[in-house]
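Record features (TrEMBL):
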type    : residues                                             : note
BINDING : E138, M139, T140, R168, Q182, D186, R326, Y330, Y331 : L-histidine binding site
DOMAIN  : 68-409                                               : domain 'Aminoacyl-transfer RNA synthetases class-II family profile'
Amino acid sequence: MFVWITVRYSTAFSPATTRAYTKLTTCLASSNGRISNAIQDKSLLDKTNTDETRRVVSEKLDTNPPKGTRDFYPEDMRLRNWLFDQWRDTARISGFVEYDAPVLESEALYTRKAGEEVTQQLYNFVDKGERAVTLRPEMTPSLARMVMAKKGALPLPFKWFSIPQCWRYERMTRGRRREHFQWNMDIWGVAGEEAEAELIAAMVSFFEGVGLTSEDVGIKVNSRLVIGEVLNELGIPPEKFAATCVLVDKLEKVPVDAIQGELEELGLDRSVVEKLLNVLTNKSIESLRDTLGADSKAVLQLEKFMSLCDAYGIQDWIILDASVVRGLAYYTGIVFEAFDRKGQLRAIAGGGRYDKLLETFGGDSIPAAGFGFGDAVIVELLKERNILPSFEESGIDTVVFAMNEKLFPAAIHAAAALRKAGQSVDLILEAKKSKWVFKHADRLGAKYCLIVGESEYENGEVAVKDLKLGEQVNVKIEELGSWATSQ
């Protein structure tokens, strides 16, 4: 006798079902009955799952974004877009044009051999084509690559800007994340300090535009020529110059003892470092002139730069600080750093001259200067000074809704007329009570609520309520466009 048994089940049996299943198979086996393969195959549960019978058991989703990154909800996007608009407007009035590049770049663009932190902070990996790539940690090398790609075809000078998203796997602090957006402004093809002065003037224009003053923000300025002249006098060879600058920049964060080993690898004993640091304490042109001499190229460069800042009328923002060297090896001349004068936040922005960057990629040098300005610190500063605008309102001008389903086509017609006139309109797409609609309009911060009601519609009109004044008027449907443009 053959017994065929078909069992339909889900991926998880109850204890009672499991006991019955075990008893049945045991009974059939002991009575020499033929057992269906469906019973003998213990893996059948995995083989026969269907959408109808599958019970999905999974771990709870972590709703947080990856550590160091951000979600941008609509209110956050309004803030971000506002900031980007401020940056773009500043760049535009200063004659800069926008460019962009891939967020994914070749790792070789950033693996310079000068001990820079950025090299250890890359989000890098080998792609499926066995290429070493990375999420860009900064934009300047991408710009250099783009310039080289044109093989001298780009007309010089040029003034470009971008707002890239940059990635660094670093320790997070207030105003420092592992991803951020950065306003980059660069001038290529101008060898003189006029380029740096133009860049800093644009930066000051932005600060003033968002309500900050020279009492809130200062801009420290120095020249890499200062440290170069000191190292030359101390007998340090030129090939160690860039790496030394990178180490000196670290001294703002750590004591000398913390980097003593790295200094010794460069052949810099403690006495050399102490002499160097003594020079870097200078805070005025006069003291630098006394230290380096009146014919010092560094002093002459800084004097010219300061006179240009006077011409721009931004001298109140500028502070000479010989300790500022910036942490990137490719800087060659004037360097600068914007900072919070209260000292509560890290650097707001920074940059300088990088004439020899293309040489590091095998190209010919081109005079260039620029700065990077992150989005995180400036937002913290504006919040701290209580001058960051509110972004709670959505920017919706008018909410449109129909009192019943029969009037919905008329509501569509009204919304279309307002949109054609340039208004931002939220059309209510479902049947809702008027109380809900007015609460919704208030939540959005809308200016008006347009109601399509039966009595008004019969007269060829709609009701429009001013949500701030509380006043309501009737408007002819064919006149909605002109009403919208008059508001």
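Each Cβ is built from the backbone N, Cα and C atoms, and glycine gets one as well.
Feature annotations (TrEMBL) mapped to structure.
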residue : record                   : contacts (Cβ under 8 Å, 6+ apart)
T140    : L-histidine binding site : N184, D186, Y330, Y354, L357, G370, G372
Q182    : L-histidine binding site : E138, M139, I163, P164, Q165, C166, G372, F373, G374, D375
R326    : L-histidine binding site : C245, D249, V335, E337, G350, G351, G352
Y331    : L-histidine binding site : R224, C245, V325, G352, R353, Y354
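All protein chains included, E138 (L-histidine binding site) registers 19 other Cβ atoms within 10 Å of its own Cβ.
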